[in-house]
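Asks: Next up is a structure, given as structure tokens.
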């Protein structure tokens, strides 16, 4: 029986349209193989939306996304729009999309692929077998807390203020996502906070600990954020799933990403309690290589696989895509960002063709 899904495509800026085209071709192939019908709707976001409509997130785009089963995003931003005020820049489109879809959980995997292990800056024995999922709270914490701003005191001195705030319900909902994620993986969850200094972290630790009683099959541990950062570099294989707040997650997810050696290989997902999630590569829009057929489409393709797994409940189709990625790497196919001696240098389109062949053979 054919299953039908409505997918909003947001190619965005820079290399976005190129890598999105590869991901769509891959989805069409697995759709045929698994009797899945995709209804793709393309919409504007970021710089492309600014050029066309004057705003980074047109209301029509948000409406289209809300009516979808999932949103696949490519890349946002570029030098062209850097002179705009911060609230008018392309990146504001992503923030607006997250808020409009009420997405509060960001899932960032960091997995060492055997074929690329030497790309890591750490020793092989340290990173071999690393497979981490960072679950970051996305809409609370110090980035959104109030009061905030730069004020002038009675003495005329400038004073900058930001406020880290979390409510019990905000902690509980991200905690549930993290426990459920850990349950589907290796059953280990590490909660990262700064409870030895911050009151908000004491509440965080208390709520996560209480929530763990509902998940007796998941092993819970706690680390202070400074120790967690050190342990990610010293012994990353100890981690399975990490859950943490917005600020700490912003930092730790990038640190975990660089264990892999190439940010161009990493997908991500942003999820809410209901409604469509947004799936996108971690890397930026790379305007310097846009249109030159040099982009690495693999993170975009792996983001499509995450979409199949987490939004559409199609784990077998997701597995098929992930295995195809491993296969093309195993046969030595590389784009410039992951190229090494003796490998086959391919452009974006040719890498897509190689993926299609791998999917059709398997």
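Backbone N, Cα and C define each Cβ position, glycine as well.
Just lifted these from Swiss-Prot, have a look:
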BINDING   78-91, 284-296  NAD(+) binding site
BINDING   98, 108, 136, 226  substrate binding site
SITE      143  site 'Important for catalysis'
SITE      194  site 'Important for catalysis'
BINDING   226, 250, 254  Mg(2+) binding site
Asks: Taking just the CA atoms, what is the gap between residue 250 (Mg(2+) binding site) and residue 136 (substrate binding site) in Å?
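Replies: Rounded to the nearest whole number, the Cα-Cα distance is 7 Å.
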Asks: In whole Å, how far does the CA atom of residue 194 (site 'Important for catalysis') lie from that of residue 82 (NAD(+) binding site)?
Replies: 34
Asks: Hey, how far is residue 290 (NAD(+) binding site) from residue 254 (Mg(2+) binding site), Cα to Cα, in Å?
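Replies: Taking the Cα atoms only, residue 290 (NAD(+) binding site) lies 23 Å from residue 254 (Mg(2+) binding site).
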Asks: So how many other Cβ atoms are close to residue 78 (NAD(+) binding site), meaning within 10 Å of its Cβ?
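Replies: A count of 23.
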Asks: Between 82, 226, 250, 254, which of the binding-site residues has its C-beta surrounded by the fewest other C-beta atoms within 10 Å?
Replies: 82
Asks: Helix, strand or coil at residue 290 (NAD(+) binding site), per DSSP?
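Replies: Once the DSSP labels are grouped into three classes, residue 290 (NAD(+) binding site) ends up as coil.
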Asks: Residue 143 (site 'Important for catalysis'): which of the binding-site residues 78, 82, 86, 90 is the nearest Cα neighbour?
Replies: 86
Asks: Given the binding-site residues 86, 98, 108, 226, 294, which one's Cα is the least distant from that of residue 254 (Mg(2+) binding site)?
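Replies: Closest by Cα: 108.
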Asks: Distance check, please: Cα of residue 108 (substrate binding site) against Cα of residue 286 (NAD(+) binding site), rounded to an integer number of angstrom.
Replies: 20
